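First comes the structure, then the notes that go with it.
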Amino acid sequence: MSSINGIDNIKFDYEFSNSLYYRNSIFFSIIFFIIYKKSSYITENFFGELVKKAYTTLTEKKKLEWDQRVVSMIHAFLVLPFCIISAVESFKYGDIFYFQNDSLLMVLSISSGYFIWDLIICYKDPKLVGTPMIIHAIMGLSSNIYVALPHGRPCFVPIVAILLITEISTIPLNMKGFIQVVNSKSKYYNWSLGAFVITFLVSRCIIGLPFDIYLVYGCIQRWDVFPMDKSLVFITECGIQFFLNSYWSFLLIKKLYQTYLNPIPNHKKNED
């Protein structure tokens, strides 16, 4: 144990390996590309006739969306356990702004590999994913690489893992997308929709938005401790993330209002 400018209870005996991080990131990006390329084969051969029939009737654009969901789902399942472990250990050792261990290295490696894949997909077909998702991919990769740079490390490293816990909403979102294609009238569609709404609003809005503000405040409190360039990048990305989560939360709440709470009856038309 040691202390840096008043930051106590931090483990400094862990050696972060740059070469291992870069190798792992490339390895996982290759894995995600392989899954993406083989997604159609996996879907048509390992998920039963009902799923196969639904998938084969999709347009090429819809098939690409399905394949992207497969990769997104696998990334969420892979990274979430390491995010939770990292978050618990970061809180345990006293400062979520400054900590590093094997779990955090895995979080950075898996998510960097995913964001490399994601950014290339966005570059190849930007109209398919949309501007907000392109910004999301750029932010994800740039923040991962920047916190892994040697100067000032491990400042902000734990926060990457904590913020990626919001990927928990990705799982029901993708399940909703899969079920909508296979059988939109299934009771599981409504269950997955409800799970998505709850996990998204709780993780990204109710907790996420105040947490973004806290992170900026915490960064300012440590202004003299961490490298200025990393602090500026961190604050900028927190601001963009706050905007994106606010925007997505607004769209979701608006959709819920229009669907369930719209005060104007749908049958009311052309009254005299």
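Glycine is treated like the rest: Cβ placed from N, Cα and C.
Swiss-Prot lists 16-36 (among others) with the feature transmembrane segment, giving sequence analysis as the kind of evidence.
Summarising the annotation, Swiss-Prot assigns domain 'TLC' to 61-261 and lists sequence analysis as the type of evidence.
What Swiss-Prot lists as transmembrane segment is 71-91 (among others). Within the chain, the transmembrane segment (71-91) has long-range Cβ neighbours (under 8 A, six or more residues past its boundaries) at 32, 35-36, 39, 99, 101, 103-104, 106-107, 110-111, 114, 117, 158, 161-162, 164-165, 167-168, 170-171, 174-175.
Annotation comment: Swiss-Prot describes 103-123 (among others) as transmembrane segment.
Under the heading transmembrane segment, Swiss-Prot lists 128-148 (among others), citing sequence analysis as support.
Among the features that Swiss-Prot reports, transmembrane segment is placed at 155-175 (among others), with the record citing sequence analysis. Long-range contacts of the transmembrane segment (155-175) within the same chain: residues 69-70, 72-73, 75-77, 79-80, 82-84, 86-87, 90, 95-100, 103-104, 107-108, 111, 143-144, 147-148, 188, 192-193, 195-196, 199-200, 203-204, 208, 215, 222, 225-227, 230, 234, 241, each at least 6 residues beyond the stretch ends and with a Cβ under 8 Å from a Cβ of the stretch.
Among the features that Swiss-Prot reports, transmembrane segment is placed at 196-216 (among others).
Summarising the annotation, Swiss-Prot assigns transmembrane segment to 233-253 (among others). Residues 132, 135-136, 139, 142-143, 146, 156, 159, 163, 197, 200-201, 204-205, 208-209, 212-213, 215-216, 219-220 of the same chain lie 6+ residues outside the transmembrane segment (233-253) yet bring a C-beta within less than 8 angstroms of a C-beta in it.
A contact links the transmembrane segment (103-123) to the transmembrane segment (16-36), because at least 3 Cβ pairs that are 6 or more residues apart lie under 8 A.
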